[in-house]
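According to Swiss-Prot:
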- SER17, VAL18, SER19: FMN binding site (BINDING)
Amino acid sequence: MTNVLFIKANGLPAERSVSVALYEIFLTEYKKSHPDDNVTELDLFEADLPYYDVTMMSGLHKEAAGETLSPEEKRLADIANSYLDQFLAADKIVMAFPLWNFSIPAQFLTYLFYLNQAGKTFKYTANGPVGLVADKKIALLNARGGIYSDGPMQSFEMSLNYVKNVLAHFGISEPEMVIVEGHNAKPDQAKDIISAGAKEAVELAKIF
């Protein structure tokens with residue numbers, strides 16, 4: 001059975017968030033097209049993730065080195081590892097997220113920090129880091145109200161680019177993508193822009 005992890009990195013309702021609307025559209029179509037797959041949903045805004053602080057980082061480093069952890073270090077390391085284990089157990093992963101303030105929501109950044117562990121998602125070699133999860137199939141559903149694919153704001157796009165770089169670090173270099181942009185910058189075209197993205201999400205979900 002194929003294990004599929006759906007990750008939602010936006011706490012707004014679908015009627016107020018294009019990335020959440022894409023998530024729900026993709027999820028509905030995927031379940032219809034792949035009825036035998038095991039689907040798990042992870043809402044990062046409901047998960048109440050503790051930030052990747054010095055104590056968590058210390059605990060993970062000590063654990064990797066075989067050293068003794070304090071009770072708080074162990075508690076936090078266990079939380080990070082539980083999310084990493086869930087990610088590693090998935091054959092396919094769908095990530096839906098917006099561009100907020102040129103980047104990703106803090107909850108999503110924290111989650112990606114949990115995943116970024118040497119020996120698990122990547123390893124160090126004499127020639128630099130090498131990803132360890134290249135076999136994962138990933139779909140990225142991203143929405144940004146402005147225009148960032150080209151023009152004067154292109155260099156400000158640190159949402160999709162950041163996530164793609166993190167995944168490439170893990171060995172996942174060619175994720176599937178649905179990108180909706182410009183619906184706030186061009187309100188007269190918003191309905192058509194969002195509709196086109198929704199159709200793209202449906203078609204990708206069918207074959208993902």
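One is the number of the first residue shown, and numbering goes on along the chain from there.
Each Cβ is built from the backbone N, Cα and C atoms, and glycine gets one as well.
Quantities reported herein were computed from a predicted structural model and do not represent experimental measurements.
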Which residues, in sequence order, are found in the same chain with Cβ within 8 Å of the centroid defined by the Cβ atoms of SER17, VAL18, SER19 at the FMN site, excluding those residues themselves?
ASN10, LEU12, ALA14, ARG16, VAL20, ALA21, LEU22, TYR23, ALA96, PRO98, ALA143, VAL180
Only counting partners 6 or more residues apart, tell me which same-chain residues put their Cβ under 8 Å from the Cβ of SER17 (FMN binding site).
ASN10, PRO98, ALA143
Using all protein chains in view, find how many other C-beta atoms are within 10 Å of the C-beta of VAL18 (FMN binding site).
26
Near SER19 (FMN binding site), which residues of its chain come within a Cβ-Cβ distance under 8 Å, counting only those 6 or more away in sequence?
ALA9, ASN10, ALA96, PHE97, PRO98, LEU141, ASN142, ALA143, VAL180
Three-class DSSP secondary structure - SER17 (FMN binding site):
coil
